Amino acid sequence: MGNSTLLTSAGTLPQTLTPFPISRIATRYLLFDVHAVTYARREHNICGVLIGTIPHLSQQNVFLGIPLELMPEEARLLVEHGHAYIIDEVEAHKTGLLDMSRKDQLAFLQAMDKQGMEIAAESKKKAEERSQKALQGRGMARRARENTASRVSETADSSAKQRLADGDDECSVFEAEPRSPSPAPSHPPLAVERHFITPTISYPPLQTPNTTPTLSLPEVSKTYPLFAFLHSKGYFITPGLRFGCHYTVYPGDPLRFHSHFLATGADWDEEIDLLDIVGGGRLGTGVKKSYLIGGADTRRENASGAGSNAGDGVRAFSIEWAGL
Amino acid sequence: MATSLQPAHPVLPAPSRLTTHLLTSANANANASTVASHPPHLHHLARQIQHNLQHQHAWTALRLHTHVSGTDKPLPRPMLSGLAPVRLYVHPDEQVELLREAGKKRDEGVGGGNEEGVGEGKLDVVVEPEREWVLPTRLSEKWSLRRLAEVFDCVGVVPPGVEDEEGEGSQNMWRKRKRVVLATVDGDSTVVYYIVHDGVVKPRQN
């Protein structure tokens, strides 16, 4: 895509895309742009969960793709720190598509057509290269050459023919690459059938909505202070269901590290059953982790005032089996 | 069993060791000011844990604490401190350091002497036991972050030792965070022990 939103390398957002939009669809917070996904993970330690399957193979759920679903905590943290903002996706699509001018629509369709032609030409070129290689492998390069040569004979000059002829004299089986430029790319694709593009993201054609925080912050559970606290310490946090806790806490990217903590959040005065502490500590130690409970200290919160970060004034305790 | 077989005036069995321990310790403290600070059931709880540590886990130098050391402010409940026969907790960073030192020693052949043939290539890690805080609890209790924080606010990093041992606690440079051994006893007098650290402390590499 030749659009300004396309990025030079994965993981770096252009200045125009920070803060990036988080789509809210029916109380879920989703990222549809793979660049925003990698960016959030690399720069802001936000992993989320990939939830996209292939539409025709929805049972294929081993390797999931975009969209990335964010926990409400993750979405809120990104918004609070000014890295992202929430858009109501349904509303944005409605207004965006209705307000789009005819000129913009045509321009977008043309851009899609152009892109489709480019992709088609590219794939055709690749297919030709493949077949030529296969023919070479069987020692039928001569015929392949002749085929291509005869096709371009009207346009190709004599020197090119000479080079082709020279090439045929040598043992062409082990030839690494054709010395003459392959005629196909220089040849305008005559009967290439255009590929039809289904864009995976809506921005563009839709204008990215303005960044005014029209939507309120994502609603989060009472464990949010603990989440923000751990995130502020540089930990990566993923959902903790598989260990029976609120969050699984990693000291680095979960692809590179084992998790250190099974974290459970609680209110300052919330009653905690000692059996839960014992169970969590025992489970955590069994999988070489610590069980961590924590929450916002209301005493300190009142003292420091309301303008502080959510992660401030959080007290946490790490629990491990003593081995006695 | 049929009730008619029981004598009219049943003779109580002799009190168990634990009961004796609880009763005598309660009597010993009867006139001390410590009893007034906390209800007796908490004292009994602490004594029960003390008994378990002393006789089942061979802890030594066990002390009952009722007040924040050096002040007359009472602790949230009576707590214990003691010395485990072997080190109870080794921080992962300290473990790395200890292993490195042990490896160095082995390579130098220091102290290999008579065990040269037997202990070839064996790491000899030396860890001194440390005094630990113990927080006695009952399984039926409910706790909260506030109450845990109150306990931690009242204890130091290292428990105050017996007078002649004073000063040995600050030697371990790896012991920076407060830690308390949470002792939880169930109705059947099973006691489980968990190490609780104040703050985010990475897990041990066991």
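A Cβ is built for glycine as well, from the same backbone N, Cα and C atoms used for every other residue.
Taken from TrEMBL, the feature domain 'TSEN34 N-terminal' covers A:21-89. Residues or ranges marked as compositional bias 'Basic and acidic residues' in TrEMBL: A:123-132. The region 'Disordered' annotation in TrEMBL covers A:123-190. The annotation compositional bias 'Polar residues' is assigned in TrEMBL to A:149-161. According to TrEMBL, the feature domain 'tRNA intron endonuclease catalytic' maps to A:224-297. The annotation active site is assigned in TrEMBL to A:Tyr250, A:His258, A:Lys289.
Spatially close to A:His258 (active site) yet at least six residues away along the chain are A:Tyr250, A:Lys288, A:Lys289, judged by Cβ distances under 8 angstroms. A:Lys289 (active site) counts 26 other C-beta atoms within 10 Å of its own C-beta, drawing on all protein chains shown. For the domain 'TSEN34 N-terminal' (A:21-89), the model gives a mean pLDDT of 88.
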